[in-house]
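The block underneath contains the structure these notes are about, expressed in structure tokens.
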Amino acid sequence: MFEIFSRYENKIHPDELNNQLKKFGHSQLASNIKKHGLTSWITDNIKKKECCLYVQSDREGICKCGYLKIHHADDSVKSESYQGQRWDQYRHVREVPTDAFGDISFGGQGKKTGKYVRVSSDTKAELLYQLLTEQWKLPPPNLLISVTGGAKNFYMKPHLKTLFHRGLIKVAQTTGAWIITGGTHTGVMKHVGRAIRDYILSSTSMEGQIVAIGVATWGTIHNRNSLVNPAGCFQANYSLEVQSQGPLSCLDNNHSHFLLVDNGTNGLYGVEIELRSRLERLISQQPLGNKESGVTIPVVCVVLEGGPGFPVSKVTLSLIRQLMKRFFSQEYCSFTELKIIEWTKKIQDIISLPQLLTVFRISEDHNGDVDVAILQALLKANRSSDSEGRESWERQLELAVAWNRVDIASSDIFTEESQWKSCDLHPAMVSALLANKPEFVRLFLENGVCLEEFLQEESTLCHLYSQLPTTCFFLRCLAKRIQTETGAAHKNISLQLVSDEVRHLLGSFTQPLYPLPGIGASYFKKDVSVDIRSKGELESKVLTDRGPESGQSPPRDPGRDLFLWAILQNNKDLAEIAWEQCQDCISAALAASKILKKLAEEDEEDEEAVEMRGLADHYERHAIGVFSECHRGDEERARRMLTRSSTSWGHTTSLRLALEADDKSFIAHSGVQALLTQIWCGELAVDNPLWRVMLCMAFFPLIYTGFLRFRLDDCIQKETQRSEELITMASVTGCSAKTRRKTSRHTRNMISSGLKPLNCAMRLASLFTSPQVKFFWNILSYFGFLLLFSVVLMIDFQATPSWMEYLLYVWLISLVCEEIRQLFHDPDGFAFRKKAEMYINNLWNILDVLSILLFTIGLVFRLTPSLWYAGKVILCIDFIVFCLRLMAIFTISKTLGPKIIIVKRMILDMFFFMFLLSIWVVAYGVATQGILVDNEDRLNWLIRGAVYKPYLIIFGNMPSDIDSTQFDITACSVNGTDPLQPKCPILNEDQMPIFPEWLTIILLCVYLLLANILLLNLLIAIFNYTFQQVQDNTDTIWKFQRPPPSYQNFKEQLSMVEEEELLSWESFMRDNYLLSTRLQLSQGIQQQIKETADKVETMTQLLRGENYQAGSVAIAKRLTRLEDQVFQSAEALQWIMDALKAQGHHSKQDALQLALPSKLSPDDPGEPKTKEEERKETCYHVNARRLVYPGSNIPRFPVPEEKVPWEVEFTLYRPPVLNGEGQEQTNSLNRNPAGRTGMMGRGALKSLGSNHIMDLVLTCWRDSKCSALEFLSVWDKGDGLWVLPQCPVQSDEPLSDSLRSIVGRKMYDMVEAKLVKGAKVYEGYVDDIRNTDDAWVETTVLNIHLDKKDQADINHMVGSIIGCEQLVKWVDVSTRDQMCSYQKDSVRQVAKLNLSA
């Protein structure tokens, strides 16, 4: 099979083959081809090493490489003449294609599998990284954890082991990290493997699995022969035999990937160290997540089993020798003194960088976890990097977002020291949104991100939409819309495309959320509005939706934009956060419900559709909760919110959105129903009895007698009662004059607000324009139509139409006109096609059209003399349809409405039942017809016998022809000649039926059992379920079915001030709702159980800590007593020695002076010292002893700290000589005053001896108020630091010309004029990296303060410096930017001098 693709193995990627073959369903073939592609890539790129010269070692049959003679190739075993040749690892080892790779399977429980490959120690790190990411399909890590430590088995207490396992796995699982270890089943590697095993056993999903890469030495692996196969082992069974491994090591069965490093030797440990270091270095150079951010993958080395700590300032040669004798007792003799010196210097250099070294003692740090310690160590190292302060904070934030550790970000990044601006957090905000990290989004919003600034540019929102997940259904919808668009303007996702698609989801009754630029007020259409005022007055009128001023589109709501983006991708967590930022939260929740239900309707994936419907219900509950809070606070305001035109959601209303979204529970809310009742009654009072309204409809003069109440009358009555209450209160309190003024003012307000009594014409108009009254007149009219129709059909249907029949035709024409009006009336701007689709989707409209068509056909037949009777039959059937249409009128009834809904659903259920019933009816009917009757050719009697007769049996009409005892030959026709009688069964000579009577009776019994008992009871159960389902939600369903379509058009346009007040009040109510919701959740049983478990865990940790502290205190007391005893013993021994000397006793050697232990002094190493004291005590230069000299490949000679002074003897000191122009003879008298540097000669400096420079601290006040002191700083490209302006000191000139190129001519002249007045801050040696034993740098730091009167000139000069060769800026003296140590100290000293002055 592989031979088929041998021609293309180097041309087609295995993934491409896999995708192509899966299209044809060859999954197994695709898997084999993928393995073949991996095999081809590994054999072409990955090598191993093998010995190419067999040289006999001390042991018989074993080569110097460690392998047996039989394991060598034939050409490596040379003749006798080669036996004297010395074996060299670099010359006698060659690279050949690897022969061990594939899938490794460990036996035992769980059948753990992994991937492995044998690689050469000289393999490029780029190839290994390509193998890991491209061939083995590992996603690039967000963090690399390199775990090392004791290679042997060591004991860890169970509590400490649990903490280490939990912390390591947590940091790897939450950050998406790779763990790199030695890969063997021993020491630290075994603990890492067990931690991974515990995580796999406790994890319930396959997502987020830990990547553990073992980099081990091939020559030290036990049972490695089972992994060898030149063609690849894709199921290599590896046995973990720890007992028989001997000096070798078994692979750990919990690692997922293995890189087995081979250098051609056997049994030699440590071969993998160099390759592992190169791989880790390469990974640390790879970009982290967003390549544009410039952040690379961080690497942390976790060292376990570090042993007891020691003071970092006491690392000396003697201590290193002592420790190496302790840990490397057998190999110590092979270590040279120079190597020990080099290692000591490296250790001292490492310890001198505390920001890169973190010591975490699990047994002591009770308040921290291992994962937090690892991540905090990385942030500490990043915080102390060479980047600027703000850049450093942003890099740390990028790391925290990549790791998804919001706890680290909130505790270590968002501190009081870091002052974040909204623009600084925008890149991290985009990363958090695209990576679906809602906790970070909430953290950013809480710490200064302003959504208005964040989404100010449309490109940001377009970028978010373009980066939607590929599985997002809305993204596929946008792609389809882009394909259907013509022209090049819509190749990329734009807000116009998003707006069109969202309008499709919301409905065409809304305006575009993102209108085109330049569309002003003329874009919006007229719409029917309702003005519900606070006084209760209701006015219906036609208003024009006000567009934005000056023809500009209304300002976007950033909360709405972010919420819409989250909803369209069905992201519940992000949508919840964004919804809390929305201004119009009720409309936003209802719009989300409508959008999600529409998406679920169009989506073909059932699981995602179910999630969308669940999220839609969630936001419907949100809308109900917020509206309930509003309704409890102020009913009038809550009602206005339902009919307010929402500019954020397409200039529609919350009521319309709820109706379109089919949000029954929201519509059933008492507040919404109160509004609907108010609109239903019109100007009539809502508490008028129905019989009074009906009576006034028949005899309207009753409205002038007060028989029927109007809402305006109720408002006037309430205001009058309020005035009377004020007068009564005045009479009681005695404030009559003041109350009269209030009363008169209140009356004027009533008049000005339009609360005037209704006159006769207004009352009459209010009665007959009420929707309620119109509906009742419509019912009466329809009943009259049906009455006239029935009279014509039963009494007055003559050959020539009568006047009543003509009246019926006219009445029908009015109904036709009404249907035409409903079809073409388009107040929302729908197209005719959309309007027709909406019209047809309504069942009652279908009945209307059917009834009109039947009436038209019947009328045509009726006017045709030959078809007169047929026309009457059609009209009679049409009368049934008109009567069925009557049910639509009574759906508004609270009693009949739910029952009509039940009937509609039962009819649908009955259709499915009839399908099942028809199967049994036809089966029984055909069988009995074939058994009883022979060759019946009359179609009508065939249908009677096969269908009609079995159907009647269900209702109890038992057949008589299946039983010979009831046979009557006169009731049938023998040959079927009588068209009015059925054909007789097959008869014998006695004229009796011959059919098998036992069979027909059994068939009848079975048919009755299935049809009458099983199927009918099934139908009853279905009807009962439907009835119960509707009955349980009767009130909700009726309230939703109650609003007629005209309710959707009521809209109120508020002024800008009113809308802002209403939205502010709504936001306040939303906060109350969220607070109450969270309070309920916190009081839930599950939350209480969780809190109790957390408290128990905290108490357990505290008790463990107390036990440890108690043990520590006991140990400290015992050590104190032991110290006292030693002190007393030393005093006694000293007294004995003094007494013996006084008596004249002497020894051959001088007695040692006992150092009496005393109480710890401040100078004792046991007491912690400040950094300043340590720096003063240890004044050795550090930069001048760096191993790498700048601009040279010659390394320095390692100089430990104790060997720095010239007074200390250092016999091995052999530093290299480096001069800028070749080697020169140096003067031994010109030695570096600070001590040895490890390099001789002039180096990169200009001259031997002292090289003098001058550093200038140019200071000035930021403003005239002296609010902050600033100094001039120059960017040093070489070191990547902000430094002070400096220049070499020349004898003839006080300032060098190089300073002029840095600060500009004008600034140079000003500094030169004030040079004499400058204050000397520091003068002396500089720890410069260019220093050597024979050449060094000395500086003089001068402070020149610029006066306030020169402030304008200074700002102008600094502005002109931008055009110079170097970047210059003013920096606050309290800056945290990285600077040279002596310059930083000089700036601090200058700040003290100026601030004190």
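Note: Cβ is positioned from N, Cα and C throughout, glycine not excepted.
Sequence annotations record features per position, and here TrEMBL assigns compositional bias 'Basic and acidic residues' to 1166-1177.
Per TrEMBL, the feature compositional bias 'Polar residues' maps to 1222-1231.
Taken from TrEMBL, the feature domain 'TRPM SLOG' covers 115-309.
Annotated domain 'TRPM-like' per TrEMBL: 412-669, in sequence order.
Taken from TrEMBL, the feature transmembrane segment covers 690-712 (among others). Within its own chain, the transmembrane segment (690-712) has Cβ neighbours under 8 Å at 536-538, 678, 681, 683-684, 755, 757-758, 760, 763-764, 766-768, 772-773, 776-777, counting only residues six or more beyond its boundaries.
Positions annotated as transmembrane segment by TrEMBL: 775-797 (among others).
According to TrEMBL, the feature transmembrane segment maps to 803-821 (among others).
Listed as Cβ neighbours of the transmembrane segment (842-861) (distance under 8 Å, sequence separation of 6 or more from its ends, same chain) are residues 809, 812, 815-816, 819, 822, 867-868, 870-875, 877-878, 881-882, 884-885, 888, 904. For 842-861 (among others), the entry in TrEMBL reads transmembrane segment.
Per TrEMBL, the feature transmembrane segment maps to 867-890 (among others).
Residues annotated as transmembrane segment in TrEMBL: 911-932 (among others).
According to TrEMBL, the transmembrane segment annotation covers 998-1023 (among others).
Averaged across the domain 'TRPM-like' (412-669), pLDDT in this predicted model comes to 80.
Within the same chain, the transmembrane segment (775-797) stays apart from the transmembrane segment (911-932): fewer than three Cβ pairs sit under 8 Å, each pair at least 6 residues apart. If you look at the transmembrane segment (803-821), the same-chain residues 6 or more away from its ends with a CB under 8 A from one of its CBs are 785, 788-789, 791-792, 796-797, 845, 848-849, 852, 855, 859.
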